[in-house]
Amino acid sequence: MARKKIREYDSKRLLKEHLKRLAGIDLQILSAQVTQSTDFTELVNQQPWLSTMKLVVKPDMLFGKRGKSGLVALNLDIAQVKEFVKERLGVEVEMGGCKAPITTFIVEPFVPHDQEYYLSIVSERLGSTISFSECGGIEIEENWDKVKTIFLPTEKPMTPDACAPLIATLPLEARGKIGDFIKGVFAVFQDLDFSFLEMNPFTIVNGEPYPLDMRGELDDTAAFKNFKKWGNIEFPLPFGRVLSSTEGFIHDLDEKTSASLKFTVLNPKGRIWTMVAGGGASVIYADTVGDLGYASELGNYAEYSGAPNEEEVLQYARVVLDCATADPDGRKRALLIGGGIANFTDVGATFSGIIRALREKESKLKAARMHIYVRRGGPNYQTGLAKMRKLGAELGVPIEVYGPEATMTGICKQAIECVMAAA
């Protein structure tokens, strides 16, 4: 499962659309998204309620505590909303130690209310955890002792009996409506492959549940079966994260393939770089370098998996090598081409793409005094390793090659010793 956060606008859009389909509950929520490209005149023409109702506006940027941070404006008309957005759009704010400009807002009707409820659903390994409280809102953390929680195993349906402990202390007249709402939201959660969903708070308007603030995460590995249900969904980067041009290139490449291609620059001046096969292995290599005390020298995080073809690996490796060899300073550098023992990825084929990239970047590798350490196993690995050994001799670039007889992370220590040596 790959949990990906989505904007509040999309969370509410999905809930409104599919709660009616799955549970017959017609949420009366309205919302509009505002970005740099928004024309307010056109927006109001498309959504006339914006000019007839009092409004709420807030950033929709995947960070919480917006109310406590003074980033939520209440009871405005559309002209005031426009001014609020104008003053803050593109302005950098700091949240949770991360700084980034605000680029996206959500605008909704202002809903006066007295009661605030809390609801969250979290996907766990063996089922789902559902939490509910009658004391929702910005003080939910201070009132966490009042939150009721149940665990629903994967094979169990959300029945009235299962839901009963959550709503047991509600007034009798409210239990049916809120219980049906919780069951309906859970149906949407499962049907659309949400991995996390939170409403803090939701309230009751004209006798019906009404989400005021909402967060959602989807399991993006389920996109293949949900693309029609999700519609034009966006998976924004985490707040404060901006892709470099090289990272953006790999991100676009990853979007176009059934394989997985990931690349993040951690320290452009780092002297230890990785190009690792497998999601688990890639983390192990990075952690090992850190555990040995050299996290500050780690240049990147990189992972390829899911049997990418030779051309995809070639494009991927070019980017990694360009970053790893940039701005040579006379000191040694190391590249870890590692991985575990593949089950189905043709090691010979993926290494062919890497070898082509290494040939192209020969002069850069030498200028950067790059030492390469290879460890891999799996289908056709002997062919791949033999090609790597031959390449080292041809290029005159130091390449040490190991198969599954060597420990997976042994090359990390060798790389560190190499770059830290005086010569």
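Every residue, even glycine, has its Cβ placed from backbone N, Cα and C.
Listed features, source Swiss-Prot:
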- N343, T345, R376: citrate binding site (BINDING)
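Highest local Cβ density among the binding-site residues N343, T345 belongs to T345, counted as other Cβ atoms within 10 Å over all protein chains shown. Highlighted in sequence order, A277, G278, G339, G340, I341, A342, F344, D346, V347, T350, G377, G378, P379, Y381 have their Cβ within 8 Å of the centre of the Cβ atoms of N343, T345, R376, the residues recorded for citrate, and are not part of that set. For R376 (citrate binding site), applying a Cβ distance below 8 Å and a minimum sequence separation of six or more within one chain yields A277, I337, G338, G339, A342, V347, F351, G384, L385, G403, P404. Max Cα-Cα distance over the annotated citrate binders (N343, T345, R376) is 12 Å.
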